[in-house]
There are 2 protein chains.
Amino acid sequence: MPNAAHARLKARFARIAALNEAAGMLHWDASAMMPPGGAASRGEQLAALAGLAHELLTAPVVAEDLAIARADGIWAETNLRLMARAHARATALPTELVEAAARANSACEKTWREAKARADFALVRPALAEVVRLQRETAQALGAALEMDPYDALMDGYQPGIAAADVEPVFAAYEAFLRDALPRAEAIQAARPEPVPLPGPFPVEVQRALCRRLSARIGLDYEHARLDESLHPFCGGTPEDVRITTFYDEQDVAKALLGVLHETGHALYERGLPKEWARQPVGEAAGMGAHESQSLIVEMQACRSDAFLGFLGRELREAFGGPAEPYEAGNLARLWRRVGRGFIRVDADEITYPAHVILRFRLERALIGGALDVADLPAAWNEGMRDMLGITPPDDAKGCLQDIHWHDGAFGYFPSYTLGAMAAAQLMKAARAAVPGLAEALAEGEMAPLLGWLRAHVHGKGSLLGFQDLLREATGKPLDPADFTEHLTARYLQA
Amino acid sequence: MPNAAHARLKARFARIAALNEAAGMLHWDASAMMPPGGAASRGEQLAALAGLAHELLTAPVVAEDLAIARADGIWAETNLRLMARAHARATALPTELVEAAARANSACEKTWREAKARADFALVRPALAEVVRLQRETAQALGAALEMDPYDALMDGYQPGIAAADVEPVFAAYEAFLRDALPRAEAIQAARPEPVPLPGPFPVEVQRALCRRLSARIGLDYEHARLDESLHPFCGGTPEDVRITTFYDEQDVAKALLGVLHETGHALYERGLPKEWARQPVGEAAGMGAHESQSLIVEMQACRSDAFLGFLGRELREAFGGPAEPYEAGNLARLWRRVGRGFIRVDADEITYPAHVILRFRLERALIGGALDVADLPAAWNEGMRDMLGITPPDDAKGCLQDIHWHDGAFGYFPSYTLGAMAAAQLMKAARAAVPGLAEALAEGEMAPLLGWLRAHVHGKGSLLGFQDLLREATGKPLDPADFTEHLTARYLQA
């Protein structure tokens with residue numbers, strides 16, 4: 001009964017997806033809403049959900065049904081193939097390991113919040129060591145089952161089809177570009193007039209209203225979305241109920257505003273996934289690199305373009321008032337496209353951002369491979385920052401404690417940021433060529449032409465195509481880092 | 001292996017409890033946070049969680065382990081007995097029925113929100129009819145398996161050990177008391193000076209801060225709690241992360257303030273449950289009647305007492321200012337213990353409140369028994385209000401649409417409110433006799449003496465004792481409605 005087998009599989013995967021949606025909501029709640037005393041019981045809840053999803057995915061009947069199920073059409077065929085991949089990944093891992101990792105991640109994330117606030121790495125070290133130990137075990141089990149290098153097996157969980165061997169040459173080439181481009185960009189910037197700061201402070205209530213209005217303006221439907229606050233901004237929830245968060249700073253409106261535009265890019269991708277394949281593997285986003293390409297095409301490619309900055313300046317002046325000069329597009333460009341050697345990844349400019357990612361990629365590979373101990377992480381981090389950007393973090397809060405990722409068990413995820421930045425540049429170049437009047441629309445704060453193109457070529461494709469095939473169909477070629485350096489050269493290296 | 005069987009059962013029930021906690025959080029989110037477009041996917045998530053919890057509870061291995069498991073001590077023995085009861089209730093219901101009911105409840109609740117806003121019963125009628133149809137089916141399946149009347153089987157799910165036959169004589173006697181007491185209370189009230197209204201409006205921000213401060217003052221630890229807003233106030237979440245909600249009215253501070261004190265009573269019960277039996281049946285609250293006794297002992301017995309009103313008046317004047325007179329305890333008593341024939345249950349005074357419950361008890365029994373059609377509900381409701389209180393609702397928003405309960409699938413729950421009110425009076429009488437200085441402490445806004453007694457005699461007992469045995473151990477007798485009418489007589493019928 002090939003058709004019955006396929007129907008059974010679809011029902012099972014829809015149930016797994018509903019459990020994962022519930023877990024996603026509880027993760028959002030833990031970051032945006034939960035009182036601190038709730039952390040331990042939240043860990044139990046997430047462990048139970050992860051354990052049950054895992055059992056559903058690894059049941060022997062899945063393998064039996066996969067062996068006999070048949071499908072008509074490329075969507076259904078791809079769905080079956082992705083089910084088989086998910087089953088293979090999950091059966092590689094014993095339930096006890098999945099639940100132990102979920103518990104360790106939850107405990108470590110909680111401790112990390114305090115350790116970061118106190119800039120005290122020693123506080124989180126034992127919890128992080130336990131997270132790393134369980135991620136190593138996970139990587140080895142996955143690698144053995146899938147016949148992959150352990151670290152590649154983790155990466156494959158975030159951006160399917162991309163391995164360290166694909167990333168290494170791209171990152172090495174970028175490092176070479178950076179050593180030449182960064183001093184040049186700094187010199188060009190130094191020769192320009194200093195930007196005028198916007199006239200703050202910026203009341204949180206006004207920022208919140210502006211962020212909501214602009215994210216709606218560029219396409220987010222608040223009948224299906226929320227905007228809240230959390231320490232580390234993110235996009236969570238589900239395609240029908242997407243939750244973006246930000247962090248307001250009364251002294252700096254750019255942090256929340258550009259952050260919200262970034263998360264809106266993620267949210268628009270989720271909202272645009274093919275509804276007829278909701279809660280099926282082929283209906284999901286095509287990986288974290290693809291996801292980051294959508295946040296960055298909105299934030300970096302579209303919203304920080306000269307055209308859109310003109311619109312943003314008018315909106316900002318209406319919200320906060322004061323003289324016209326600071327709000328002019330040229331001034332905003334000098335303020336918000338400022339190049340510099342900073343400690344914090346999420347505050348980094350487009351040129352130095354990949355350096356932060358390259359460092360983390362190398363460190364996490366060494367942690368998972370066993371070449372680096374958690375105890376030696378702060379020193380290795382600082383050494384890497386000195387080598388790559390010539391700066392030394394004054395404390396670990398500005399060093400290896402700055403990101404939530406490792407403390408939440410996410411290893412193999414960081415490369416996605418730079419894969420996404422490169423893909424965003426490549427997609428934007430293709431969209432500009434394909435959509436007439438795109439820049440003119442952006443100048444009016446009008447995202448619809450770009451969004452329409454992205455809906456057709458990225459969002460609506462779900463996971464039908466792999467990362468490279470998605471780019472190939474949309475732009476005529478696989479990932480080509482030259483489009484990214486071309487973009488950086490045009491934006492930062494023209495005197 | 002009796003001990004291994006018991007350990008397996010405990011692990012399984014902890015997992016079920018974690019799923020139910022996750023569902024509880026998603027219910028809270030749906031009421032307090034979720035954008036409207038998220039309702040459909042939330043229904044899928046809740047259905048998946050309910051379905052999986054049901055499968056875990058009904059697995060054949062549960063019956064096998066229950067047959068051989070042995071326990072030492074009364075807590076462990078009771079835990080096993082409650083596991084067996086939960087298993088018997090769950091195996092009576094096919095998974096498809098549980099999931100269909102969860103989906104129908106979720107869909108109906110959503111439609112109800114709009115129907116209530118538009119006072120349009122016809123809008124929700126089809127969805128409610130589907131909810132009732134599935135609840136009838138549920139009641140019949142449960143009744144057949146447990147050898148109980150179908151409606152009793154539903155009631156038993158909310159307040160174990162209490163049947164319609166226990167409630168009927170108590171309610172009939174109360175109806176007789178009411179027909180005599182209500183006109184007398186009204187006459188006494190009419191002879192007193194009119195209360196002076198508090199000087200509003202009451203800014204929401206000030207109300208919010210006051211509600212939070214006072215709920216903390218009477219014992220709620222905000223390291224483990226949140227206070228938010230929803231259309232229908234409730235207490236949700238979990239013992240380690242309890243979520244209370246309220247609804248602010250700028251014209252009337254009493255609604256939010258007394259509502260928050262009520263929900264705080266629920267929250268304190270959850271927080272005081274025995275931690276060593278967390279996520280086990282014996283560690284849960286002893287039923288919804290017991291739960292309501294804890295919200296009402298805080299709100300009605302303690303916080304509306306003459307002693308506590310003096311304290312509350314000082315707090316309110318500090319928050320909102322103005323002349324002293326309206327804030328005096330005597331005036332607050334006339335304002336907040338006002339007797340009257342109103343349409344809305346949640347706004348009703350202590351004397352007429354049971355009338356609202358008695359009406360709902362009779363209607364829902366008729367709906368489940370098949371004697372009443374959903375289409376005839378508005379007329380039957382209005383007829384009952386005329387008979388019991390002599391008033392006719394002007395529209396269904398003030399009639400049968402006012403409560404969320406039925407529209408969310410809760411049938412058999414309403415009697416718990418009046419069981420709780422009666423138990424609260426009985427427990428308060430016993431606490432006053434047992435704890436010296438209790439009234440003096442309340443006059444200083446000090447709840448600790450009462451809370452200490454409740455922790456020892458109610459909260460810390462979990463589900464070790466049934467409703468009647470809990471009262472018997474705490475007060476020396478089973479439920480005695482005379483303590484409630486004695487309380488009402490002292491408060492409302494002394495000229």
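Cβ from N, Cα, C; glycine included.
Predicted, not measured: the structure shown is a model, and the values here were computed from it.
In sequence order, B:Cys235, B:Ile244, B:His291, B:Gln294, B:Ser295 make up the list of same-chain residues 6 or more apart from B:His266 (Zn(2+) binding site) whose Cβ falls under 8 Å from its Cβ. In the three-state DSSP reading, B:His266 (Zn(2+) binding site) counts as helix. Per TrEMBL, the feature Zn(2+) binding site maps to B:His262, B:His266, B:Glu292.
With a 10 A radius on its CB, B:Glu263 (active site, proton donor/acceptor) counts 26 other CB atoms from all the protein chains. The active site, proton donor/acceptor annotation in TrEMBL covers B:Glu263.
B:His262 (Zn(2+) binding site) is surrounded by 23 other CB atoms, counting those within 10 A of its CB over all protein chains shown. The Cβ of B:Glu292 (Zn(2+) binding site) lies under 8 Å from the Cβ of B:Ser416, B:Tyr417, B:Leu419, B:Gly420, B:Ala421, B:Ala423, B:Ala424, each of which sits 6+ residues away along the same chain. The Zn(2+) site, placed at the center of the C-beta atoms of B:His262, B:His266, B:Glu292, has further neighbours from the same chain whose C-beta lies within 8 angstroms: B:Cys235, B:Glu263, B:Gly265, B:His291, B:Gln294, B:Ser295, B:Leu296, B:Val298, B:Glu299, B:Gly420.
B:Glu292 (Zn(2+) binding site) carries a helical DSSP state (H, G or I).
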